[in-house]
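Chemist: Before anything else, here's the structure in question.
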């Protein structure tokens, strides 16, 4: 039986010490001070990555100690494969993309995805291969500020898949600024005018990751949300009024773009709309998207949103509360498990603490957050970054095991991340 599955934590501590000693012996400290310090070769921590992941999912304390020096090198391997010469067949195979619909149920219910990205190339590839299926369609918005090398790498990957494309118009996206909303509108226009059929659209960013399978997502949509949009939110609370009553402008310090408040107060909402406040995440029907792109109220609301703070947290939920909008939910509140986020403001109340670190008041997950993530009822989790690569590596192995466990077609060998999985299958009901 694997040491990491042992019930006594003392065994895990011994394992951690043993691995550390082995790494130290393989990478002794240089006696030449000018050579600088050496670090354990991260690849040495990959003997049993699934077993370490299993221990992390089970919340074993010793596994957290091991994870501190086992920084998975997976990201650099992914980027290297993208830059290596070769054909698209090799790329899809080596990057473990699933190349066939996994069931008739999924094949007849195509989804559309809008993915906005600006950094973290390896994380984007991991996200894309987790949500990719050939019957779906994907619009990728690459931030206009992104480095040329990054844009080229994304384009080379996208070129290998007929149902993935870069948005026709790119924006310089600002945190809480209008251009994030505009970027998604641009993708919606492209999706509506594409040759692909799709029933619902889901928006993601490059630091998100699925915690439900494609089949799970479809069944969730078809449950109480059938033909309805999912836009969690409520009537704008008084504490949030300044976000829309005061104008905001975007400015660029040292290449970054931010939205900053002005002292000028703005006009009332168009058409006497009641403003709602909610999540920036959504699942929208195609008919609602077509409504957003053509309805006068939606267009006027978009113009009105150009200089408010965080317009994406007002725009979708406000329009989805209109009684005559397709698939609207006028009386809904915060219902809808779209994205799991640990907010700083909720720590100690509705959420346990962030085991990683907070950035912009939301948790960037660490290994200690994995048990909470996989128990969440949400479809996706946010947010992840390359500082803790093992988190996404573990999560995608767990997710792929679930995906293939639901498959109703023969599996291809390259759909697996390795020939034999050591992940604890009890984690995948």
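Heads up, the Cβ atoms here are built off N, Cα and C, so glycines get one too.
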Chemist: According to Swiss-Prot, N-linked glycosylation site sits on which of 229, 272?
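Modeler: Of 229, 272, Swiss-Prot lists 272 as: N-linked glycosylation site.
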Chemist: Going by Swiss-Prot alone, which of 87, 240 is annotated as N-linked glycosylation site?
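Modeler: Looking at Swiss-Prot, the N-linked glycosylation site feature maps to 87.
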Chemist: How many Å separate the Cα atoms of residue 205 (disulfide bond) and residue 139 (disulfide bond)?
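Modeler: Answer for this pair: 11 Å between alpha carbons.
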Chemist: Work through the recorded positions one by one (53, 87, 139) and name whichever has its CA nearest to the CA of residue 160 (disulfide bond).
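Modeler: That would be 87, nearest by Cα distance.
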Chemist: For the disulfide-bonded residues listed here, 53, 139, 205, which shows the highest count of neighbouring CB atoms within 10 A?
Modeler: 53
Chemist: Spatially, which candidate from the disulfide-bonded residues 53, 187, 354 is nearest to residue 272 (N-linked glycosylation site), comparing Cα atoms?
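Modeler: Closest by Cα distance to residue 272 (N-linked glycosylation site) among the disulfide-bonded residues 53, 187, 354: 187.
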Chemist: May I ask which of the disulfide-bonded residues 53, 139, 394 is closest to residue 87 (N-linked glycosylation site) if we compare their C-alpha atoms?
Modeler: 139
Chemist: Tell me which of the disulfide-bonded residues 354, 394 sits in the most Cβ-dense spot, judged by other Cβ atoms within 10 Å.
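Modeler: It comes out as 394.
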